């Protein structure tokens, strides 16, 4: 029996990145031998065991043979005669097909070290094309390591295109697509994930609402980058700088979906695109089974981001009504989330990356003023039932009006 550290732990250590999870491959052993040594079996489809002390995963070396469609259609073979090289060959990328023995020596049968040095994401073998989930995984790795200047090898991107055009991605379940997307949204450069999907044709298949934005022009005065798809990826990049939250980043990604519905004869204007995009946000989220709390914010951002841009022109009643509409009284975090997504929208434009966004500050200040109006004082004044709500709203409007007069500049 020989045990090797494999995959991501080896890769990230070589890149000088923090190692989170460690996975091990066991060569020359059997399930019974592992059980006798005190390991606990957890793998249902192939032999994976938990170490009795560390609880890290130890998998018997195995090969995989395509036996059906999609990313689950594989037959596994695990036996003592499966070599380490056999096991590493089934992995997706060469940089993930590295192993380390107990002496610290790196085993590299597929030139993963060279590709690490050259910052290349390259598939190990043609078997890559048998698993459509790998298209998403490579896009996610490209996003994860973009800050290290990694790029996808030409032949790997070509294979990803072939897989997409062959309809392989249609076998992916919504849950797996969302899981990979959610993971990509946590990276430093989530926009790279969607750009890679577009480069291989997968964006049109998995995110048609986003793909439809490319080639749709916006007014050059407000959008020097012109193309709404490019603007969308720029805003996502900016959102990633402003917030680590997946819901903020996803809502920013979806904020302009309504522009894809504008008839070409009305281009480059997109009047009412915010509310129009709400249905597309719901359609995308329902198809991918996106969690409700993420859907809820994306819906609100699509509907209200343009309103926040015009904040100095809003009357106090409209401002308080906005807080009602986003349910800020019960979910105050939404004020900050809307401020961040709206700022990402404005700064996600060519030449505006360092622009100030005072509307975000005014939104936050107005919220502090509105929420500081005490409910207790209204009740103590003798108001009852529905009158309490009405009087509280009236006092909030008055407080915001007073604040706006002093703090918010009047529109030209």
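Placement of Cβ uses the backbone N, Cα and C atoms for every residue, glycine included.
Annotated features in Swiss-Prot:
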BINDING   8, 11, 91, 137, 140  CTP binding site
BINDING   8, 11, 91, 137, 140  ATP binding site
BINDING   21, 23  Mg(2+) binding site
DOMAIN    228-329  domain 'HD'
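Overlay of Swiss-Prot annotations on the structure.
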{"residue": "8", "record": "CTP binding site", "DSSP (3 states)": "helix"}
{"residue": "21", "record": "Mg(2+) binding site", "DSSP (3 states)": "coil"}
{"residue": "91", "record": "CTP binding site", "DSSP (3 states)": "coil"}
{"residue": "137", "record": "CTP binding site", "DSSP (3 states)": "helix"}
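The residues near the CTP site, meaning same-chain residues not in 8, 11, 91, 137, 140 whose C-beta sits within 8 angstroms of the mean position of the site's C-beta atoms, are 7, 92, 93, 95, 96, 141, in sequence order. If you take the C-beta of residue 11 (CTP binding site) and look for same-chain residues 6 or more apart in sequence within under 8 angstroms, you find 95, 96, 98, 112, 116. The Cβ of residue 21 (Mg(2+) binding site) lies under 8 Å from the Cβ of 8, 9, 56, each on the same chain and at least six residues away in sequence. Across the annotated binding residues for ATP (8, 11, 91, 137, 140), the two most widely spaced Cα atoms sit 16 Å apart. Reported as a whole number, the C-alpha separation between residue 23 (Mg(2+) binding site) and residue 91 (CTP binding site) equals 13 Å. Taking a C-beta cut-off of under 8 angstroms and a sequence separation of 6 or more, residue 137 (CTP binding site) has the following same-chain neighbours: 92, 180. Sequence-distant neighbours of residue 91 (CTP binding site) (same chain, 6+ apart, CB under 8 A from its CB) are 7, 97, 124. Taking a C-beta cut-off of under 8 Å and a sequence gap of six or more, residue 140 (CTP binding site) has these contacts in its own chain: 180, 183, 184, 187, 193.
Model confidence over the domain 'HD' (228-329) is summarised by a mean pLDDT of 95. Of all Cβ atoms in the shown protein chains, 16 besides its own fall within 10 Å of the Cβ of residue 23 (Mg(2+) binding site). Across the domain 'HD' (228-329), the DSSP tally of helix, strand and coil residues reads 78 helix, 0 strand, 24 coil.
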